[in-house]
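Heads up: the structure comes next, in C-alpha coordinates.
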Amino acid sequence: MAAITKTTSATNSAATISHWTREQALSFKATEANTFPEFDNTKIQAFMEGFDIWDSWFALDENGDLASIEGFRVLCALGLKQADNRKIARINYFYSKDGHSFIPGGLLFPRRLFSDIQEWSGSTLLRNDGRVQTFYTTAMGHTRDGIWQTFQRLATAIQRPSVKDGVLTFSSPEYHNLLLEPDGVFYQNVDQADDAELRMPTLHNRSYGNDQVNNLCFRDPFFFKDPATQKNYLLFEANTGPRNDAEGTVRRDYIGSDDFEPNYRPTVDDLKANGCVGVAEFTDDQYTKLSLLPPILTSNLITDEIERVTLIYRDSSYYLFCVTHGNKMTILDDTFINRDMMLGFKASSMFGPYTPLNGSGVVVQQKSEGAMYTAQASNYQYVYSWNVLPDLSVLSYANYSYSAAEDRMLYTKTVGPRIHLNLQGTQTEITGLDYGFVLKTATQEAQDTDEPVDESDV
(Lines of atoms letter the chains of each structure in order from A and count residues from 1; the text may use other names and numbers.)
(Lines give C-alpha, C1' and ligand atoms only; values in the text may rest on other atoms or scores of the structure.)
Protein backbone atom coordinates (compact mmCIF):
# COMPACT_ATOMS: atom_id res chain seq x y z
CA MET A 1 0.00 0.00 0.00
CA ALA A 2 1.23 3.48 -0.83
CA ALA A 3 2.81 5.31 2.08
CA ILE A 4 1.50 8.72 3.14
CA THR A 5 4.10 11.46 2.71
CA LYS A 6 4.18 15.06 3.95
CA THR A 7 6.31 16.65 1.24
CA THR A 8 5.25 19.94 -0.31
CA SER A 9 4.32 20.50 -3.95
CA ALA A 10 6.60 22.07 -6.51
CA THR A 11 5.90 25.76 -6.85
CA ASN A 12 3.75 27.34 -9.55
CA SER A 13 5.24 30.82 -9.97
CA ALA A 14 5.33 32.16 -6.40
CA ALA A 15 2.91 29.82 -4.61
CA THR A 16 2.39 26.15 -3.84
CA ILE A 17 -0.19 24.02 -5.60
CA SER A 18 -3.45 24.02 -3.64
CA HIS A 19 -5.53 20.91 -2.92
CA TRP A 20 -9.20 20.26 -2.30
CA THR A 21 -8.76 17.82 0.58
CA ARG A 22 -10.83 14.91 1.82
CA GLU A 23 -11.24 16.73 5.13
CA GLN A 24 -12.60 19.83 3.42
CA ALA A 25 -14.98 17.79 1.26
CA LEU A 26 -16.29 15.76 4.21
CA SER A 27 -16.95 18.94 6.22
CA PHE A 28 -19.75 19.77 3.76
CA LYS A 29 -23.28 20.19 5.11
CA ALA A 30 -26.35 20.88 2.98
CA THR A 31 -27.90 24.22 3.96
CA GLU A 32 -30.43 26.63 2.54
CA ALA A 33 -27.50 28.88 1.60
CA ASN A 34 -25.98 26.30 -0.76
CA THR A 35 -29.00 24.27 -1.94
CA PHE A 36 -30.22 25.00 -5.46
CA PRO A 37 -33.77 26.32 -4.93
CA GLU A 38 -36.80 24.36 -6.04
CA PHE A 39 -38.29 25.90 -9.18
CA ASP A 40 -41.44 25.87 -11.31
CA ASN A 41 -40.91 23.17 -13.95
CA THR A 42 -43.52 24.67 -16.26
CA LYS A 43 -41.29 27.73 -16.75
CA ILE A 44 -38.42 25.61 -18.08
CA GLN A 45 -39.09 25.17 -21.78
CA ALA A 46 -36.97 23.97 -24.69
CA PHE A 47 -34.53 26.73 -25.63
CA MET A 48 -34.44 25.60 -29.25
CA GLU A 49 -37.11 23.25 -30.61
CA GLY A 50 -35.76 19.82 -31.53
CA PHE A 51 -32.40 20.39 -29.84
CA ASP A 52 -30.75 19.47 -26.58
CA ILE A 53 -28.92 22.53 -25.23
CA TRP A 54 -26.59 22.16 -22.26
CA ASP A 55 -23.23 23.72 -21.19
CA SER A 56 -23.41 27.47 -21.87
CA TRP A 57 -21.22 30.55 -21.48
CA PHE A 58 -21.36 34.26 -22.32
CA ALA A 59 -18.75 36.00 -24.46
CA LEU A 60 -16.51 38.12 -22.25
CA ASP A 61 -14.05 40.90 -23.03
CA GLU A 62 -10.35 40.87 -22.16
CA ASN A 63 -11.09 42.38 -18.74
CA GLY A 64 -13.44 39.52 -17.87
CA ASP A 65 -16.63 41.59 -18.22
CA LEU A 66 -19.68 40.67 -20.30
CA ALA A 67 -18.89 41.61 -23.88
CA SER A 68 -20.97 43.76 -26.20
CA ILE A 69 -20.41 42.35 -29.69
CA GLU A 70 -21.82 44.74 -32.28
CA GLY A 71 -24.33 45.80 -29.61
CA PHE A 72 -25.35 42.25 -28.64
CA ARG A 73 -24.80 39.92 -25.72
CA VAL A 74 -23.67 36.57 -27.11
CA LEU A 75 -24.44 33.27 -25.40
CA CYS A 76 -22.68 30.13 -26.63
CA ALA A 77 -23.93 26.65 -25.75
CA LEU A 78 -23.40 23.04 -26.65
CA GLY A 79 -26.23 21.78 -28.82
CA LEU A 80 -27.32 18.50 -30.33
CA LYS A 81 -30.11 17.96 -32.80
CA GLN A 82 -32.25 15.27 -31.22
CA ALA A 83 -32.90 13.62 -34.58
CA ASP A 84 -29.15 13.29 -35.21
CA ASN A 85 -28.28 9.68 -34.41
CA ARG A 86 -24.57 10.49 -34.70
CA LYS A 87 -24.77 12.33 -31.35
CA ILE A 88 -22.24 14.97 -32.38
CA ALA A 89 -22.20 17.95 -30.02
CA ARG A 90 -21.61 21.34 -31.67
CA ILE A 91 -21.24 24.89 -30.36
CA ASN A 92 -24.26 27.08 -31.16
CA TYR A 93 -24.59 30.79 -30.52
CA PHE A 94 -27.48 33.04 -29.53
CA TYR A 95 -27.58 36.84 -29.39
CA SER A 96 -29.66 39.43 -27.59
CA LYS A 97 -30.04 43.21 -27.32
CA ASP A 98 -31.59 43.10 -23.86
CA GLY A 99 -29.73 40.10 -22.38
CA HIS A 100 -33.01 38.22 -21.93
CA SER A 101 -34.68 37.53 -25.28
CA PHE A 102 -32.27 35.63 -27.52
CA ILE A 103 -32.19 34.89 -31.23
CA PRO A 104 -30.53 31.63 -32.35
CA GLY A 105 -27.65 32.27 -34.73
CA GLY A 106 -26.93 28.63 -35.57
CA LEU A 107 -23.56 26.92 -35.45
CA LEU A 108 -20.64 29.08 -34.36
CA PHE A 109 -18.34 27.30 -36.82
CA PRO A 110 -19.77 26.19 -40.19
CA ARG A 111 -17.44 23.19 -40.22
CA ARG A 112 -15.78 21.09 -37.58
CA LEU A 113 -12.02 21.31 -37.28
CA PHE A 114 -11.83 17.57 -38.00
CA SER A 115 -14.62 15.35 -39.26
CA ASP A 116 -14.39 12.86 -36.37
CA ILE A 117 -14.65 15.22 -33.39
CA GLN A 118 -17.30 16.68 -31.15
CA GLU A 119 -17.10 20.28 -29.95
CA TRP A 120 -17.17 20.58 -26.17
CA SER A 121 -17.21 23.53 -23.79
CA GLY A 122 -14.85 26.47 -23.55
CA SER A 123 -14.95 30.26 -23.46
CA THR A 124 -15.46 33.06 -25.98
CA LEU A 125 -13.45 36.28 -25.98
CA LEU A 126 -14.11 39.66 -27.58
CA ARG A 127 -10.55 40.67 -28.33
CA ASN A 128 -9.33 44.25 -28.09
CA ASP A 129 -8.95 44.26 -31.90
CA GLY A 130 -12.71 43.62 -32.33
CA ARG A 131 -12.39 40.02 -33.46
CA VAL A 132 -13.99 37.17 -31.54
CA GLN A 133 -11.92 34.21 -30.39
CA THR A 134 -13.33 30.99 -29.01
CA PHE A 135 -11.30 28.52 -26.98
CA TYR A 136 -12.98 25.12 -26.87
CA THR A 137 -12.50 21.37 -26.54
CA THR A 138 -12.26 18.82 -29.34
CA ALA A 139 -13.31 15.33 -28.24
CA MET A 140 -13.13 11.97 -29.95
CA GLY A 141 -13.32 8.34 -28.86
CA HIS A 142 -10.13 6.43 -28.04
CA THR A 143 -9.85 2.70 -27.34
CA ARG A 144 -6.79 0.71 -26.26
CA ASP A 145 -6.76 -2.86 -24.94
CA GLY A 146 -10.48 -2.66 -24.30
CA ILE A 147 -10.18 0.61 -22.35
CA TRP A 148 -12.35 3.40 -23.72
CA GLN A 149 -11.49 7.05 -23.17
CA THR A 150 -12.43 10.38 -24.68
CA PHE A 151 -9.34 11.91 -26.27
CA GLN A 152 -9.59 15.63 -25.53
CA ARG A 153 -7.53 18.51 -26.91
CA LEU A 154 -7.97 22.28 -26.81
CA ALA A 155 -8.57 24.30 -29.98
CA THR A 156 -9.18 27.93 -30.89
CA ALA A 157 -10.90 29.85 -33.68
CA ILE A 158 -10.75 33.56 -34.54
CA GLN A 159 -13.72 35.15 -36.35
CA ARG A 160 -15.03 38.55 -37.36
CA PRO A 161 -18.54 39.57 -36.26
CA SER A 162 -20.89 41.56 -38.47
CA VAL A 163 -24.50 42.72 -38.39
CA LYS A 164 -26.86 43.08 -41.33
CA ASP A 165 -30.57 43.82 -40.96
CA GLY A 166 -30.32 43.13 -37.25
CA VAL A 167 -28.81 39.67 -37.73
CA LEU A 168 -25.48 38.94 -36.02
CA THR A 169 -23.20 36.57 -37.91
CA PHE A 170 -19.63 35.40 -37.61
CA SER A 171 -17.26 34.90 -40.51
CA SER A 172 -15.67 31.57 -41.28
CA PRO A 173 -12.66 31.35 -38.97
CA GLU A 174 -9.60 33.28 -40.08
CA TYR A 175 -7.61 30.97 -37.83
CA HIS A 176 -8.82 27.57 -36.62
CA ASN A 177 -6.36 25.10 -35.18
CA LEU A 178 -5.45 22.88 -32.27
CA LEU A 179 -4.01 24.84 -29.37
CA LEU A 180 -2.96 22.46 -26.61
CA GLU A 181 -2.92 18.83 -25.53
CA PRO A 182 -1.68 17.15 -22.34
CA ASP A 183 2.10 17.02 -22.29
CA GLY A 184 2.54 13.90 -20.17
CA VAL A 185 4.65 15.94 -17.72
CA PHE A 186 2.47 18.49 -15.92
CA TYR A 187 -0.72 16.91 -17.26
CA GLN A 188 -1.61 13.26 -17.73
CA ASN A 189 -2.06 12.13 -21.33
CA VAL A 190 -4.31 9.40 -22.68
CA ASP A 191 -1.57 6.75 -22.81
CA GLN A 192 -0.64 7.38 -19.19
CA ALA A 193 -4.29 7.10 -18.15
CA ASP A 194 -4.61 3.82 -20.06
CA ASP A 195 -1.42 2.49 -18.46
CA ALA A 196 -2.76 3.30 -14.99
CA GLU A 197 -6.07 1.59 -15.75
CA LEU A 198 -4.25 -1.55 -16.91
CA ARG A 199 -2.24 -1.57 -13.66
CA MET A 200 -5.24 -0.91 -11.42
CA PRO A 201 -8.45 -2.01 -13.19
CA THR A 202 -11.69 -0.42 -12.02
CA LEU A 203 -14.11 -3.03 -10.71
CA HIS A 204 -17.19 -1.51 -12.40
CA ASN A 205 -19.22 -1.78 -9.24
CA ARG A 206 -21.45 1.19 -8.52
CA SER A 207 -21.06 0.59 -4.78
CA TYR A 208 -17.50 1.88 -5.18
CA GLY A 209 -18.70 5.30 -6.25
CA ASN A 210 -16.95 6.23 -9.50
CA ASP A 211 -17.68 3.30 -11.80
CA GLN A 212 -15.73 4.71 -14.75
CA VAL A 213 -12.32 3.68 -15.95
CA ASN A 214 -9.51 6.16 -15.36
CA ASN A 215 -11.50 9.25 -16.29
CA LEU A 216 -9.12 11.32 -18.41
CA CYS A 217 -10.00 15.03 -18.56
CA PHE A 218 -8.46 17.84 -20.61
CA ARG A 219 -11.15 20.35 -21.46
CA ASP A 220 -13.14 23.52 -20.74
CA PRO A 221 -10.53 26.21 -21.55
CA PHE A 222 -11.13 29.61 -19.94
CA PHE A 223 -9.28 32.79 -20.95
CA PHE A 224 -8.08 35.01 -18.12
CA LYS A 225 -6.02 38.21 -18.06
CA ASP A 226 -4.42 38.64 -14.66
CA PRO A 227 -5.09 42.24 -13.53
CA ALA A 228 -1.97 42.14 -11.36
CA THR A 229 0.45 41.48 -14.22
CA GLN A 230 -1.59 41.95 -17.43
CA LYS A 231 -0.33 38.52 -18.50
CA ASN A 232 -2.76 36.29 -20.37
CA TYR A 233 -3.54 32.73 -19.39
CA LEU A 234 -5.72 29.79 -20.29
CA LEU A 235 -7.17 27.74 -17.44
CA PHE A 236 -8.64 24.29 -18.04
CA GLU A 237 -9.72 21.04 -16.42
CA ALA A 238 -7.09 18.28 -16.50
CA ASN A 239 -5.47 15.43 -14.57
CA THR A 240 -2.11 15.71 -12.86
CA GLY A 241 0.95 14.39 -14.68
CA PRO A 242 4.07 12.75 -13.23
CA ARG A 243 5.85 16.05 -12.43
CA ASN A 244 3.57 17.18 -9.59
CA ASP A 245 0.97 15.30 -7.51
CA ALA A 246 1.00 12.31 -9.85
CA GLU A 247 -1.75 9.71 -9.99
CA GLY A 248 -1.13 7.05 -7.35
CA THR A 249 0.56 9.49 -4.96
CA VAL A 250 -0.70 9.58 -1.36
CA ARG A 251 0.11 12.67 0.69
CA ARG A 252 -1.21 14.14 3.89
CA ASP A 253 -1.79 17.36 1.89
CA TYR A 254 -4.57 15.56 -0.01
CA ILE A 255 -6.20 14.13 3.12
CA GLY A 256 -6.23 17.01 5.58
CA SER A 257 -4.93 17.80 9.04
CA ASP A 258 -2.82 15.25 10.93
CA ASP A 259 -5.69 14.10 13.14
CA PHE A 260 -8.14 13.59 10.24
CA GLU A 261 -8.34 9.98 9.02
CA PRO A 262 -5.02 9.13 10.74
CA ASN A 263 -5.24 5.52 9.54
CA TYR A 264 -6.35 6.35 6.00
CA ARG A 265 -5.53 3.74 3.37
CA PRO A 266 -6.46 4.45 -0.26
CA THR A 267 -8.68 2.29 -2.42
CA VAL A 268 -7.87 1.64 -6.07
CA ASP A 269 -10.36 4.36 -7.02
CA ASP A 270 -8.74 6.80 -4.59
CA LEU A 271 -5.32 6.25 -6.14
CA LYS A 272 -6.59 6.99 -9.64
CA ALA A 273 -8.35 10.23 -8.67
CA ASN A 274 -6.12 13.10 -9.79
CA GLY A 275 -8.28 15.91 -11.13
CA CYS A 276 -6.81 19.38 -11.36
CA VAL A 277 -7.25 22.92 -12.64
CA GLY A 278 -4.46 23.46 -15.15
CA VAL A 279 -2.97 26.67 -16.46
CA ALA A 280 -0.90 27.78 -19.44
CA GLU A 281 0.51 31.20 -20.29
CA PHE A 282 0.08 32.78 -23.71
CA THR A 283 3.43 33.60 -25.31
CA ASP A 284 2.12 35.62 -28.28
CA ASP A 285 -0.29 38.52 -28.76
CA GLN A 286 -2.57 36.51 -31.07
CA TYR A 287 -3.42 34.04 -28.28
CA THR A 288 -2.39 31.04 -30.36
CA LYS A 289 0.79 29.89 -28.56
CA LEU A 290 1.02 28.68 -24.98
CA SER A 291 3.55 27.52 -22.41
CA LEU A 292 2.25 24.96 -19.91
CA LEU A 293 2.58 25.64 -16.18
CA PRO A 294 1.86 23.35 -13.21
CA PRO A 295 -1.74 23.16 -11.98
CA ILE A 296 -3.04 25.62 -9.41
CA LEU A 297 -5.48 23.23 -7.68
CA THR A 298 -5.83 19.43 -7.48
CA SER A 299 -8.42 16.96 -6.21
CA ASN A 300 -6.11 13.98 -5.64
CA LEU A 301 -7.73 11.00 -3.87
CA ILE A 302 -11.21 12.56 -4.37
CA THR A 303 -12.13 12.80 -8.06
CA ASP A 304 -10.77 12.87 -11.59
CA GLU A 305 -13.29 15.49 -12.65
CA ILE A 306 -13.52 19.16 -11.60
CA GLU A 307 -14.89 20.80 -14.75
CA ARG A 308 -16.22 24.07 -16.25
CA VAL A 309 -13.39 26.15 -14.74
CA THR A 310 -14.03 29.88 -14.24
CA LEU A 311 -11.80 32.48 -12.59
CA ILE A 312 -13.19 35.85 -11.48
CA TYR A 313 -11.23 38.81 -10.10
CA ARG A 314 -13.36 40.67 -7.58
CA ASP A 315 -12.59 42.99 -4.65
CA SER A 316 -8.83 42.45 -5.09
CA SER A 317 -9.26 38.67 -4.79
CA TYR A 318 -9.33 35.73 -7.19
CA TYR A 319 -12.33 33.41 -7.08
CA LEU A 320 -11.96 30.03 -8.77
CA PHE A 321 -15.07 27.99 -9.57
CA CYS A 322 -15.59 24.51 -11.02
CA VAL A 323 -18.27 21.81 -10.93
CA THR A 324 -18.25 18.12 -10.05
CA HIS A 325 -20.46 15.05 -9.75
CA GLY A 326 -20.66 13.34 -6.36
CA ASN A 327 -21.22 10.06 -8.18
CA LYS A 328 -17.72 10.37 -9.65
CA MET A 329 -16.08 11.00 -6.29
CA THR A 330 -14.19 8.28 -4.45
CA ILE A 331 -15.58 9.12 -1.00
CA LEU A 332 -18.08 6.35 -0.23
CA ASP A 333 -20.50 8.44 1.74
CA ASP A 334 -24.24 8.93 1.23
CA THR A 335 -23.56 12.66 1.51
CA PHE A 336 -22.21 12.70 -2.05
CA ILE A 337 -24.19 9.95 -3.79
CA ASN A 338 -26.55 11.56 -6.35
CA ARG A 339 -25.29 15.01 -5.35
CA ASP A 340 -23.88 17.49 -7.88
CA MET A 341 -21.89 20.50 -6.78
CA MET A 342 -20.25 23.75 -7.77
CA LEU A 343 -17.02 24.32 -5.87
CA GLY A 344 -15.38 27.66 -5.11
CA PHE A 345 -11.99 28.81 -3.82
CA LYS A 346 -10.46 32.19 -2.95
CA ALA A 347 -6.88 33.48 -3.21
CA SER A 348 -5.00 36.78 -3.10
CA SER A 349 -2.94 35.72 -6.14
CA MET A 350 -3.92 33.92 -9.32
CA PHE A 351 -1.49 31.15 -8.39
CA GLY A 352 -2.82 30.74 -4.87
CA PRO A 353 -2.74 29.38 -2.32
CA TYR A 354 -6.50 28.85 -2.59
CA THR A 355 -8.85 28.61 0.39
CA PRO A 356 -12.12 26.68 -0.07
CA LEU A 357 -15.23 28.83 0.18
CA ASN A 358 -17.54 27.95 3.07
CA GLY A 359 -14.84 25.69 4.51
CA SER A 360 -15.87 22.73 2.37
CA GLY A 361 -15.50 24.38 -1.03
CA VAL A 362 -19.16 23.70 -1.86
CA VAL A 363 -20.98 26.81 -3.09
CA VAL A 364 -23.99 25.30 -4.88
CA GLN A 365 -25.32 21.76 -4.63
CA GLN A 366 -28.33 19.65 -5.53
CA LYS A 367 -29.26 16.18 -4.31
CA SER A 368 -31.36 13.90 -6.54
CA GLU A 369 -33.48 11.57 -4.43
CA GLY A 370 -33.94 8.00 -5.64
CA ALA A 371 -31.90 5.01 -6.73
CA MET A 372 -28.20 5.14 -5.89
CA TYR A 373 -26.06 6.65 -8.66
CA THR A 374 -28.95 6.93 -11.14
CA ALA A 375 -31.55 9.26 -9.60
CA GLN A 376 -30.50 12.26 -11.69
CA ALA A 377 -32.01 10.68 -14.80
CA SER A 378 -35.53 10.82 -13.34
CA ASN A 379 -35.24 14.12 -11.46
CA TYR A 380 -37.39 16.75 -13.20
CA GLN A 381 -35.55 19.40 -11.13
CA TYR A 382 -32.06 18.28 -12.19
CA VAL A 383 -29.68 21.10 -13.12
CA TYR A 384 -25.92 21.11 -13.63
CA SER A 385 -22.89 22.71 -15.29
CA TRP A 386 -23.10 25.91 -13.27
CA ASN A 387 -21.14 28.79 -14.77
CA VAL A 388 -20.48 31.94 -12.73
CA LEU A 389 -20.72 35.33 -14.45
CA PRO A 390 -18.91 38.52 -13.37
CA ASP A 391 -22.02 39.82 -11.58
CA LEU A 392 -22.21 36.55 -9.58
CA SER A 393 -25.25 35.28 -11.40
CA VAL A 394 -24.90 31.59 -12.25
CA LEU A 395 -25.98 29.84 -15.45
CA SER A 396 -27.14 26.22 -15.52
CA TYR A 397 -28.77 23.71 -17.80
CA ALA A 398 -31.79 21.56 -16.97
CA ASN A 399 -32.27 17.93 -18.02
CA TYR A 400 -36.03 18.32 -18.52
CA SER A 401 -38.16 20.93 -20.23
CA TYR A 402 -41.90 21.47 -20.16
CA SER A 403 -44.02 21.10 -23.29
CA ALA A 404 -47.15 23.26 -23.07
CA ALA A 405 -48.58 21.57 -26.17
CA GLU A 406 -48.32 18.13 -24.54
CA ASP A 407 -48.66 19.37 -20.95
CA ARG A 408 -45.82 17.16 -19.77
CA MET A 409 -42.11 17.14 -19.06
CA LEU A 410 -39.82 16.05 -21.87
CA TYR A 411 -36.28 14.72 -21.60
CA THR A 412 -34.90 17.68 -23.54
CA LYS A 413 -31.89 19.50 -22.14
CA THR A 414 -32.38 23.25 -22.05
CA VAL A 415 -31.19 26.48 -20.43
CA GLY A 416 -31.96 26.12 -16.75
CA PRO A 417 -32.87 28.59 -14.03
CA ARG A 418 -30.32 31.23 -13.15
CA ILE A 419 -29.37 31.80 -9.54
CA HIS A 420 -27.55 34.67 -7.84
CA LEU A 421 -24.79 34.51 -5.25
CA ASN A 422 -23.95 36.75 -2.34
CA LEU A 423 -20.21 36.56 -1.77
CA GLN A 424 -18.62 37.93 1.40
CA GLY A 425 -14.99 36.97 1.87
CA THR A 426 -14.98 33.17 1.92
CA GLN A 427 -18.71 32.81 2.64
CA THR A 428 -21.40 32.47 -0.02
CA GLU A 429 -25.17 32.33 -0.12
CA ILE A 430 -27.70 31.72 -2.89
CA THR A 431 -29.91 34.81 -2.81
CA GLY A 432 -32.32 34.48 -5.72
CA LEU A 433 -33.51 32.56 -8.77
CA ASP A 434 -34.94 33.61 -12.11
CA TYR A 435 -35.86 31.78 -15.27
CA GLY A 436 -33.03 32.95 -17.44
CA PHE A 437 -33.64 33.50 -21.11
CA VAL A 438 -36.23 33.05 -23.85
CA LEU A 439 -36.00 32.81 -27.63
CA LYS A 440 -37.57 35.27 -30.04
CA THR A 441 -37.49 32.76 -32.90
CA ALA A 442 -36.30 29.24 -33.54
CA THR A 443 -35.18 29.58 -37.14
CA GLN A 444 -31.73 30.09 -38.68
CA GLU A 445 -30.27 26.61 -38.38
CA ALA A 446 -26.76 26.15 -39.75
CA GLN A 447 -25.79 22.95 -41.52
CA ASP A 448 -22.78 20.77 -40.76
CA THR A 449 -20.97 19.83 -43.97
CA ASP A 450 -18.84 17.25 -42.10
CA GLU A 451 -15.83 18.38 -44.12
CA PRO A 452 -12.49 18.83 -42.34
CA VAL A 453 -10.89 22.25 -42.50
CA ASP A 454 -8.44 22.62 -45.37
CA GLU A 455 -4.84 23.45 -44.46
CA SER A 456 -5.34 26.77 -46.24
CA ASP A 457 -8.09 27.61 -43.75
CA VAL A 458 -5.83 27.13 -40.74
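Each residue's number is its place along the chain shown, starting with 1.
Placement of Cβ uses the backbone N, Cα and C atoms for every residue, glycine included.
TrEMBL does not curate its annotations; it predicts them automatically.
ASP55 (active site, nucleophile) is surrounded by 25 other CB atoms, counting those within 10 A of its CB over all protein chains shown. Look at TrEMBL and you will find ASP55 tagged as active site, nucleophile.
The annotation active site, proton donor/acceptor is assigned in TrEMBL to GLU307. Note on GLU307 (active site, proton donor/acceptor): other Cβ atoms within 10 Å of its Cβ, all shown chains, come to 23. Secondary structure from DSSP puts GLU307 (active site, proton donor/acceptor) in a beta strand.
Marked as substrate binding site by TrEMBL: TRP54, SER121, ARG219, ASP220, GLU305, ILE306, GLU307. The 10 Å shell around the Cβ of ARG219 (substrate binding site) contains 23 further Cβ atoms across the protein chains shown.
The Ca(2+) binding site feature in TrEMBL is assigned to ASN274, ASP304. Cβ-based neighbour count (10 Å, all protein chains) for ASP304 (Ca(2+) binding site) stands at 31.
Around ASP220 (substrate binding site), a 10 Å sphere centred on its CB holds 31 further CB atoms from the protein chains shown. Annotation comment: TrEMBL describes ASP220 as site 'Transition state stabilizer'.
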*About how far apart, in whole Å, are the alpha carbons (Cα) of ARG219 (substrate binding site) and ASP55 (active site, nucleophile)?*
13
*What is the nearest of the recorded positions ASP55, ASN274, GLU307 to SER121 (substrate binding site), using the Cα of each?*
ASP55
*Given the recorded positions TRP54, ASP55, ASP220, which one's Cα is the least distant from that of ASP304 (Ca(2+) binding site)?*
ASP220
*In Å, rounded, how far does the Cα of ASP55 (active site, nucleophile) sit from the Cα of ASP220 (substrate binding site)?*
10
*Quick one: of SER121, ASN274, which of the binding-site residues has the smallest count of other CB atoms within 10 A?*
SER121
*Could you find out if DSSP has ASP220 (substrate binding site) as helix, strand or coil?*
strand
*So what sits near TRP54 (substrate binding site) in its own chain, CB-to-CB under 8 Å and at least six residues off in sequence?*
ALA77, LEU78, GLY79, SER385, TYR397, LYS413
